[in-house]
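If you look up Swiss-Prot, you'll see 3-21, 14-38, 42-53, 54-59 marked as disulfide bond, on the strength of similarity to another entry.
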């Protein structure tokens, strides 16, 4: 699985066991992701941050 890094022109191959790509937004600004990468389980959203997860190459 290939996931985008914070700057989407760069990507990385996820290590074994991390089979989701994610991007994290601050709830106060849902237009600019503050973090992207590989993850094993999609975190729950909170009052401050929102996560979007997906399982195809460079979907984040």
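Each residue, glycine too, has its Cβ placed from N, Cα and C.
Predicted, not measured: the structure shown is a model, and the values here were computed from it.
Cβ neighbour counts within 10 Å, taken over all protein chains shown, single out 3 as the most crowded of the disulfide-bonded residues 3, 54. Under DSSP, residue 42 (disulfide bond) is assigned to coil, being neither helix nor strand in the three-state scheme. When the disulfide-bonded residues 14, 21, 42, 59 are scored by other C-beta atoms within 10 Å, 21 scores highest.
Reduced to three states, the DSSP call for residue 53 (disulfide bond) is strand.
Annotation: 21, 38, 59 are the disulfide-bonded residues among 14, 21, 38, 59 whose CA atoms are within 10 angstroms of the CA of residue 53 (disulfide bond). Long-range Cβ neighbours of residue 38 (disulfide bond) (same chain, at least 6 residues apart, Cβ-Cβ under 8 Å): 1, 3, 12, 14, 15, 18, 20, 21, 22.
Its Cβ placed at the centre, residue 53 (disulfide bond) has 15 other Cβ atoms within 10 Å.
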